[in-house]
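Feature annotations, courtesy of Swiss-Prot:
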BINDING   Arg23, Glu80, Lys120, Lys454  (6S)-5-formyl-5,6,7,8-tetrahydrofolate binding site
DOMAIN    216-377  domain 'TrmE-type G'
BINDING   Asn226, Thr245, Ile247, Thr250  K(+) binding site
BINDING   226-231, 245-251, 270-273, 335-338, 358-360  GTP binding site
BINDING   Ser230, Thr251  Mg(2+) binding site
Amino acid sequence: MSHNDTIVAQATPPGRGGVGILRVSGQQARNVAQAVLGKLPKARYADYLPFKDADGTALDQGIALWFPGPNSFTGEDVLELQGHGGPVILDLLLKRILTLPGVRIARPGEFSERAFLNDKLDLAQAEAIADLIDASSEQAARSALNSLQGAFSARVNHLVEALTHLRIFVEAAIDFPDEEIDFLSDGKIEAQLNEVIGDLDAVRAEARQGSLLREGMKVVIAGRPNAGKSSLLNALAGREAAIVTDIAGTTRDVLREHIHIDGMPLHIIDTAGLREASDEVERIGIERAWQEIEQADRVLFMVDGTTTDATDPAQIWPDFIARLPAKLPITVVRNKADVTGEQPGISEVNGHSLIRLSARTNEGVDVLRNHLKQSMGFDTSMEGGFLARRRHLQALEDAANHLQQGKAQLLGAWAGELLAEELRLAQQALSEITGEFTSDDLLGRIFSSFCIGK
């Protein structure tokens, strides 16, 4: 589809509501205004007008806003029609606009894509629009807004500028070897490189926090039947999300709850008790439990404290531990402290965290919440942060690796060309974040995940 087309879409959610908004962007937006409104509204003023059909009859009446390009969200001529939010009314108005020449329905994210292509937003800011809409906590929303306002991009652009400055010195030393310009003898290049590496590490740490706010952590509760897994899910969720009975195998399928701990999203997953299945339904539930375990960020190994005194997971259930992915973090949760008389709390056993609690009485559950927050390295004291996506983290990691390779060249045999190339690759990786260096395929994947009308 051409970016020269004029596009239209509903900007408000589908369904019944008090207000419904249609957004038009492109060269034909002026003609749409003339056809539907009978005139072109004054730029950037709210005008209360009837919205007319082709025969001149009114379809609706509401507020029209006219934003001539390039001073608009997309950088093109933009018309917004704010009418009543009934789906029939909006559908009639949308059909009316689509009868006009050169107008088509917008693809998901196409308004934001045009804003990016017309330099109204960089790619990180455009992604922040979707993240702001999808934010699941106040802290995530604030961080997404910071990204939309350019906080993340400013940090990245500062790094890119520093690398540009560094590359000038390095490439000058390569291009003019006879000019007696020795940038290495006084250690200035090494000092500048170390400064860039330090700044990049700080951005990476903040980006990891932003990624936690956006992606959250997937925690799977696993163990034998009747260990209290569903009771723990209910305790963490603060509601009766799962059925709890004394009957082994009550939970047959995967149950999911999304909670927040100090703004950090947690995806808590309760699974079927692991044992030899008694029927086909239970077998499928246990198979799904293992699928969730293999994709988890952390496993809470639930143990009924009344059945064993062991605290080492390898002693409690060797076969279970042997089947777990090698690098998967495990937290042993000894449940039913209210029955065993154990003191709720946390300790370390053979490299694993051990938490004693009672899911039934909630004793020790706060200890588990704090443990989950700390295990992900989430720092609530970081103010004014930004949200980051997986691709951002990968780009930052790639840049860091190239800088370390460049430093090795600098401190080793002084292979100037190789150092310059590593600096160029680091700069290219950072530029992918803001979209200065980005493939069309990546752009398509990013914007296709947006809402229609955004």
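Every residue, even glycine, has its Cβ placed from backbone N, Cα and C.
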Rounded distance in angstrom between the Cα atoms of Ser358 (GTP binding site) and Ser230 (Mg(2+) binding site): 12
Among Arg23, Lys120, Lys229, Lys336, the most crowded of the binding-site residues [Cβ within 10 Å]: Lys229
Residue among binding-site residues Arg23, Lys120, Lys336 with Cα closest to the Cα of Asn226 (K(+) binding site): Lys336
Residues near Glu80 ((6S)-5-formyl-5,6,7,8-tetrahydrofolate binding site) in space but at least six apart in sequence (CB under 8 A): Ala11, Ile21, Leu22, Arg23, Val24, Ala64, Leu65, Phe67
Inter-residue Cα distance where the pair is Lys120 ((6S)-5-formyl-5,6,7,8-tetrahydrofolate binding site) and Lys229 (GTP binding site), in Å: 50
Binding-site residues: Asn226, Ser230, Ser358 - member with fewest neighbouring CB atoms within 10 Å: Asn226
Rounded inter-Cα distance in Å - Lys120 ((6S)-5-formyl-5,6,7,8-tetrahydrofolate binding site), Ser230 (Mg(2+) binding site): 49
Integer Cα-Cα distance in angstrom, Ser230 (Mg(2+) binding site) to Lys336 (GTP binding site): 13
